[in-house]
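Let me begin by presenting the structure, written as C-alpha coordinates, before commenting on it.
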Amino acid sequence: MLFQYLKLLRIHQWIKNVIIFAGIIFAKKLTDPESVQRVVAAFFLFSLVASCQYVVNDYLDRKEDALHPEKKHRPLASGKLDPSFALFITGIILPLSLILAYLLYPVFFALVAFYLVFNVLYSKFLKHMVILDVMSISIGFVIRAIAGAVVIHVTFSSWLLLCTFMLALFWGFSKRRGELIILEGNAKGHRKILNEYSTGFLDMMLGIVATMTLMSYVLYVTSTATIANLGTDRLIYTIPVVVYAIFRSLYIIYIKNMGHNPTKAILSDWGVLFAGLIWVALVITIMYSDFGNGIRFEL
(Lines of atoms letter the chains of each structure in order from A and count residues from 1; the text may use other names and numbers.)
(Lines give C-alpha, C1' and ligand atoms only; values in the text may rest on other atoms or scores of the structure.)
Protein backbone atom coordinates (compact mmCIF):
# COMPACT_ATOMS: atom_id res chain seq x y z
CA MET A 1 0.00 0.00 0.00
CA LEU A 2 2.91 2.34 0.79
CA PHE A 3 4.44 1.61 -2.61
CA GLN A 4 1.17 2.55 -4.30
CA TYR A 5 1.07 5.80 -2.34
CA LEU A 6 4.61 6.65 -3.46
CA LYS A 7 3.47 6.08 -7.05
CA LEU A 8 0.57 8.42 -6.36
CA LEU A 9 3.00 11.17 -5.31
CA ARG A 10 4.56 11.03 -8.79
CA ILE A 11 8.07 11.78 -7.62
CA HIS A 12 9.27 11.67 -11.23
CA GLN A 13 7.21 14.84 -11.76
CA TRP A 14 9.51 16.70 -9.38
CA ILE A 15 11.61 17.49 -12.44
CA LYS A 16 9.04 20.24 -13.07
CA ASN A 17 10.31 22.02 -9.97
CA VAL A 18 13.95 22.33 -11.07
CA ILE A 19 13.00 25.80 -12.34
CA ILE A 20 13.26 26.75 -8.65
CA PHE A 21 17.05 26.60 -9.06
CA ALA A 22 17.08 29.19 -11.87
CA GLY A 23 17.09 32.10 -9.44
CA ILE A 24 20.20 31.00 -7.58
CA ILE A 25 22.07 30.32 -10.82
CA PHE A 26 21.32 33.68 -12.43
CA ALA A 27 21.85 35.55 -9.15
CA LYS A 28 25.37 34.08 -9.03
CA LYS A 29 24.78 32.58 -5.59
CA LEU A 30 25.67 28.97 -6.36
CA THR A 31 28.86 29.43 -4.34
CA ASP A 32 26.95 30.63 -1.27
CA PRO A 33 26.28 27.59 0.99
CA GLU A 34 23.36 29.20 2.83
CA SER A 35 21.58 30.11 -0.41
CA VAL A 36 22.12 26.61 -1.77
CA GLN A 37 20.66 25.07 1.38
CA ARG A 38 17.62 27.34 1.24
CA VAL A 39 16.93 26.59 -2.43
CA VAL A 40 17.34 22.84 -1.94
CA ALA A 41 14.91 22.99 0.99
CA ALA A 42 12.51 25.06 -1.12
CA PHE A 43 12.72 22.50 -3.92
CA PHE A 44 11.78 19.57 -1.68
CA LEU A 45 9.03 21.45 0.16
CA PHE A 46 7.46 22.73 -3.05
CA SER A 47 7.71 19.25 -4.55
CA LEU A 48 5.97 17.68 -1.56
CA VAL A 49 3.14 20.21 -1.72
CA ALA A 50 2.79 19.64 -5.48
CA SER A 51 2.72 15.89 -4.89
CA CYS A 52 -0.05 16.32 -2.33
CA GLN A 53 -1.95 18.29 -4.95
CA TYR A 54 -1.53 15.38 -7.35
CA VAL A 55 -3.09 13.09 -4.75
CA VAL A 56 -6.09 15.38 -4.36
CA ASN A 57 -6.47 15.75 -8.14
CA ASP A 58 -6.25 11.99 -8.66
CA TYR A 59 -8.87 11.48 -5.99
CA LEU A 60 -11.24 13.94 -7.66
CA ASP A 61 -10.55 12.64 -11.18
CA ARG A 62 -10.36 8.91 -10.41
CA LYS A 63 -13.54 8.08 -12.36
CA GLU A 64 -12.45 10.01 -15.45
CA ASP A 65 -8.92 8.58 -15.23
CA ALA A 66 -10.38 5.07 -15.27
CA LEU A 67 -11.40 5.74 -18.89
CA HIS A 68 -7.90 6.85 -19.94
CA PRO A 69 -5.64 4.20 -21.60
CA GLU A 70 -2.67 5.20 -19.42
CA LYS A 71 -4.15 6.97 -16.39
CA LYS A 72 -6.38 3.97 -15.63
CA HIS A 73 -3.30 2.30 -14.14
CA ARG A 74 -2.87 4.98 -11.49
CA PRO A 75 -3.32 3.71 -7.90
CA LEU A 76 -6.67 5.41 -7.24
CA ALA A 77 -8.16 4.97 -10.71
CA SER A 78 -7.25 1.28 -10.74
CA GLY A 79 -8.51 0.66 -7.21
CA LYS A 80 -5.10 -0.55 -5.99
CA LEU A 81 -5.03 2.09 -3.26
CA ASP A 82 -7.74 2.89 -0.73
CA PRO A 83 -8.77 6.55 -1.24
CA SER A 84 -9.25 7.11 2.50
CA PHE A 85 -5.68 5.93 3.20
CA ALA A 86 -4.30 8.25 0.50
CA LEU A 87 -6.17 11.25 1.90
CA PHE A 88 -5.10 10.40 5.48
CA ILE A 89 -1.37 10.33 4.65
CA THR A 90 -1.71 13.46 2.52
CA GLY A 91 -3.46 15.15 5.43
CA ILE A 92 -0.25 14.66 7.43
CA ILE A 93 2.34 15.52 4.75
CA LEU A 94 0.65 18.67 3.42
CA PRO A 95 0.27 20.63 6.70
CA LEU A 96 3.79 19.64 7.77
CA SER A 97 5.23 20.84 4.46
CA LEU A 98 3.37 24.15 4.75
CA ILE A 99 4.63 24.70 8.30
CA LEU A 100 8.22 24.05 7.20
CA ALA A 101 7.72 26.39 4.23
CA TYR A 102 6.65 29.14 6.61
CA LEU A 103 9.66 28.53 8.85
CA LEU A 104 11.93 28.67 5.80
CA TYR A 105 10.57 32.07 4.71
CA PRO A 106 7.05 33.50 5.13
CA VAL A 107 6.98 34.94 1.59
CA PHE A 108 7.94 31.53 0.20
CA PHE A 109 5.11 30.02 2.24
CA ALA A 110 2.71 32.60 0.78
CA LEU A 111 3.70 31.60 -2.76
CA VAL A 112 3.36 27.90 -1.98
CA ALA A 113 -0.06 28.51 -0.40
CA PHE A 114 -1.10 30.59 -3.41
CA TYR A 115 0.06 27.78 -5.71
CA LEU A 116 -2.06 25.33 -3.73
CA VAL A 117 -5.16 27.53 -3.86
CA PHE A 118 -4.58 28.28 -7.54
CA ASN A 119 -4.45 24.55 -8.27
CA VAL A 120 -7.74 24.04 -6.49
CA LEU A 121 -9.24 26.75 -8.71
CA TYR A 122 -7.69 25.01 -11.69
CA SER A 123 -9.18 21.64 -10.75
CA LYS A 124 -12.62 23.11 -10.11
CA PHE A 125 -12.94 25.76 -12.81
CA LEU A 126 -9.95 26.72 -14.95
CA LYS A 127 -9.27 23.30 -16.44
CA HIS A 128 -12.72 23.44 -17.99
CA MET A 129 -11.99 26.70 -19.85
CA VAL A 130 -10.38 26.44 -23.26
CA ILE A 131 -6.91 28.04 -23.55
CA LEU A 132 -7.11 29.20 -19.92
CA ASP A 133 -6.60 25.59 -18.89
CA VAL A 134 -3.15 25.53 -20.48
CA MET A 135 -2.29 29.08 -19.41
CA SER A 136 -3.11 28.14 -15.81
CA ILE A 137 -0.55 25.31 -15.93
CA SER A 138 2.04 27.77 -17.24
CA ILE A 139 1.31 30.19 -14.40
CA GLY A 140 2.15 27.36 -12.02
CA PHE A 141 5.67 27.23 -13.45
CA VAL A 142 6.05 30.99 -13.11
CA ILE A 143 5.10 30.67 -9.43
CA ARG A 144 7.80 28.01 -9.02
CA ALA A 145 10.41 30.30 -10.60
CA ILE A 146 9.46 33.24 -8.39
CA ALA A 147 9.46 31.01 -5.28
CA GLY A 148 13.03 29.92 -6.00
CA ALA A 149 14.11 33.55 -6.21
CA VAL A 150 12.34 34.99 -3.17
CA VAL A 151 13.62 32.25 -0.87
CA ILE A 152 17.16 33.62 -1.37
CA HIS A 153 15.99 37.26 -1.46
CA VAL A 154 16.76 38.03 -5.10
CA THR A 155 14.63 39.36 -7.95
CA PHE A 156 13.77 37.33 -11.03
CA SER A 157 14.12 38.77 -14.54
CA SER A 158 10.80 39.51 -16.22
CA TRP A 159 12.31 38.18 -19.46
CA LEU A 160 13.21 34.90 -17.80
CA LEU A 161 9.70 34.64 -16.35
CA LEU A 162 8.34 35.18 -19.87
CA CYS A 163 10.58 32.40 -21.20
CA THR A 164 9.37 30.11 -18.42
CA PHE A 165 5.74 30.93 -19.18
CA MET A 166 6.16 30.37 -22.92
CA LEU A 167 8.03 27.08 -22.54
CA ALA A 168 5.34 25.80 -20.18
CA LEU A 169 2.67 26.88 -22.68
CA PHE A 170 4.51 24.94 -25.37
CA TRP A 171 4.43 21.69 -23.42
CA GLY A 172 0.90 22.37 -22.21
CA PHE A 173 -0.47 22.59 -25.74
CA SER A 174 1.59 19.54 -26.74
CA LYS A 175 -0.08 17.63 -23.91
CA ARG A 176 -3.55 18.60 -25.13
CA ARG A 177 -2.64 17.59 -28.69
CA GLY A 178 -1.22 14.27 -27.52
CA GLU A 179 -4.33 13.55 -25.46
CA LEU A 180 -6.56 14.15 -28.49
CA ILE A 181 -4.54 11.69 -30.55
CA ILE A 182 -4.03 8.93 -27.98
CA LEU A 183 -7.63 8.98 -26.73
CA GLU A 184 -9.12 9.19 -30.24
CA GLY A 185 -12.90 8.72 -29.96
CA ASN A 186 -12.83 8.65 -26.15
CA ALA A 187 -11.20 12.06 -25.78
CA LYS A 188 -14.40 13.97 -25.05
CA GLY A 189 -15.55 11.37 -22.53
CA HIS A 190 -12.31 11.52 -20.58
CA ARG A 191 -11.81 15.29 -20.51
CA LYS A 192 -14.65 17.54 -21.66
CA ILE A 193 -12.32 20.42 -22.45
CA LEU A 194 -10.82 18.35 -25.28
CA ASN A 195 -14.10 18.92 -27.08
CA GLU A 196 -12.98 22.54 -27.51
CA TYR A 197 -9.69 21.63 -29.18
CA SER A 198 -8.64 20.17 -32.53
CA THR A 199 -5.24 18.95 -33.69
CA GLY A 200 -5.17 21.64 -36.37
CA PHE A 201 -5.75 24.41 -33.85
CA LEU A 202 -3.17 22.98 -31.45
CA ASP A 203 -0.62 22.60 -34.26
CA MET A 204 -1.02 26.31 -34.96
CA MET A 205 -0.69 27.19 -31.27
CA LEU A 206 2.44 25.05 -30.93
CA GLY A 207 4.05 26.83 -33.87
CA ILE A 208 3.24 30.26 -32.44
CA VAL A 209 4.38 29.42 -28.92
CA ALA A 210 7.59 27.73 -30.10
CA THR A 211 8.46 30.88 -32.07
CA MET A 212 7.62 33.15 -29.13
CA THR A 213 9.71 30.99 -26.77
CA LEU A 214 12.77 31.30 -29.00
CA MET A 215 12.23 35.02 -29.52
CA SER A 216 11.80 35.61 -25.79
CA TYR A 217 15.04 33.80 -24.99
CA VAL A 218 17.02 35.57 -27.72
CA LEU A 219 15.70 38.95 -26.54
CA TYR A 220 16.56 38.02 -22.96
CA VAL A 221 20.20 37.06 -23.56
CA THR A 222 20.83 40.03 -25.86
CA SER A 223 19.01 42.58 -23.70
CA THR A 224 21.17 45.46 -22.45
CA ALA A 225 19.44 45.13 -19.07
CA THR A 226 20.40 41.44 -18.86
CA ILE A 227 23.98 42.17 -19.82
CA ALA A 228 24.16 44.93 -17.20
CA ASN A 229 22.54 42.86 -14.44
CA LEU A 230 24.50 39.67 -15.07
CA GLY A 231 27.74 41.34 -16.05
CA THR A 232 28.16 39.28 -19.22
CA ASP A 233 27.05 39.30 -22.85
CA ARG A 234 28.21 35.72 -23.42
CA LEU A 235 24.84 34.00 -22.84
CA ILE A 236 24.37 34.45 -26.58
CA TYR A 237 26.47 31.26 -26.92
CA THR A 238 23.59 29.27 -25.42
CA ILE A 239 21.12 30.22 -28.17
CA PRO A 240 22.01 27.28 -30.51
CA VAL A 241 21.39 24.83 -27.66
CA VAL A 242 17.96 26.32 -26.97
CA VAL A 243 17.10 26.25 -30.68
CA TYR A 244 18.07 22.58 -30.84
CA ALA A 245 16.04 21.79 -27.70
CA ILE A 246 12.90 23.37 -29.17
CA PHE A 247 13.36 21.62 -32.52
CA ARG A 248 14.03 18.31 -30.79
CA SER A 249 10.89 18.81 -28.71
CA LEU A 250 8.85 19.34 -31.88
CA TYR A 251 10.39 16.14 -33.22
CA ILE A 252 9.30 14.02 -30.25
CA ILE A 253 5.83 15.63 -30.33
CA TYR A 254 5.16 15.12 -34.04
CA ILE A 255 7.35 12.15 -34.98
CA LYS A 256 7.47 10.14 -31.76
CA ASN A 257 3.95 11.16 -30.69
CA MET A 258 4.96 11.58 -27.04
CA GLY A 259 3.42 14.99 -26.45
CA HIS A 260 0.64 13.61 -24.22
CA ASN A 261 3.16 13.01 -21.42
CA PRO A 262 5.72 15.88 -21.43
CA THR A 263 7.61 14.65 -18.35
CA LYS A 264 8.06 11.16 -19.78
CA ALA A 265 8.95 12.61 -23.17
CA ILE A 266 11.69 14.81 -21.70
CA LEU A 267 13.12 12.15 -19.36
CA SER A 268 13.18 9.45 -22.03
CA ASP A 269 14.58 11.44 -24.94
CA TRP A 270 18.37 11.66 -24.97
CA GLY A 271 18.33 14.70 -27.25
CA VAL A 272 16.28 16.92 -24.96
CA LEU A 273 18.13 15.68 -21.87
CA PHE A 274 21.50 16.28 -23.52
CA ALA A 275 20.48 19.78 -24.62
CA GLY A 276 19.24 20.58 -21.11
CA LEU A 277 22.47 19.42 -19.49
CA ILE A 278 24.62 21.29 -22.01
CA TRP A 279 22.55 24.45 -21.49
CA VAL A 280 22.93 24.29 -17.70
CA ALA A 281 26.67 23.59 -18.01
CA LEU A 282 27.14 26.49 -20.43
CA VAL A 283 25.14 28.94 -18.32
CA ILE A 284 27.04 28.05 -15.15
CA THR A 285 30.40 28.16 -16.95
CA ILE A 286 29.63 31.54 -18.52
CA MET A 287 28.18 33.02 -15.33
CA TYR A 288 30.90 31.82 -12.99
CA SER A 289 34.06 31.94 -15.13
CA ASP A 290 35.80 33.92 -17.88
CA PHE A 291 34.75 31.45 -20.57
CA GLY A 292 34.38 33.15 -23.96
CA ASN A 293 35.68 36.53 -22.78
CA GLY A 294 37.97 36.85 -25.77
CA ILE A 295 35.24 36.23 -28.31
CA ARG A 296 33.04 39.10 -29.47
CA PHE A 297 30.31 39.42 -32.06
CA GLU A 298 29.47 42.64 -33.83
CA LEU A 299 25.74 42.88 -34.54
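Every residue, even glycine, has its Cβ placed from backbone N, Cα and C.
Features reported for this protein in TrEMBL:
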- 12-27: transmembrane segment (TRANSMEM)
- 39-56: transmembrane segment (TRANSMEM)
- 85-118: transmembrane segment (TRANSMEM)
- 130-150: transmembrane segment (TRANSMEM)
- 156-173: transmembrane segment (TRANSMEM)
- 201-223: transmembrane segment (TRANSMEM)
- 235-254: transmembrane segment (TRANSMEM)
- 266-289: transmembrane segment (TRANSMEM)
>> Using a Cβ cut-off under 8 Å, which residues of the same chain at least 6 positions beyond either end of the transmembrane segment (85-118) come close to it?
In response: 1, 5, 8, 38, 41-42, 45-46, 48-53, 55-56, 58-59, 75-76, 136, 139-140, 143-144, 146-147, 150-151
>> Quick test of the contact rule: Cβ under 8 Å, at least six residues beyond the ends. What residues does that give for the transmembrane segment (130-150)?
In response: 16-17, 19-24, 27, 39, 42-43, 46, 105, 107-108, 111-112, 114-115, 118-119, 121-122, 156, 160-161, 164-169, 172-173, 175-176, 193, 196-197
>> If we skip the immediate neighbours and take only residues 6+ beyond the ends of the transmembrane segment (39-56), which ones have a Cβ under 8 Å from one of its Cβ atoms?
In response: 8-11, 13-14, 16-18, 20-21, 23-24, 86-87, 90, 93-94, 97-98, 100-101, 104, 108, 112, 115-116, 119-120, 123, 144, 147-148, 151-152
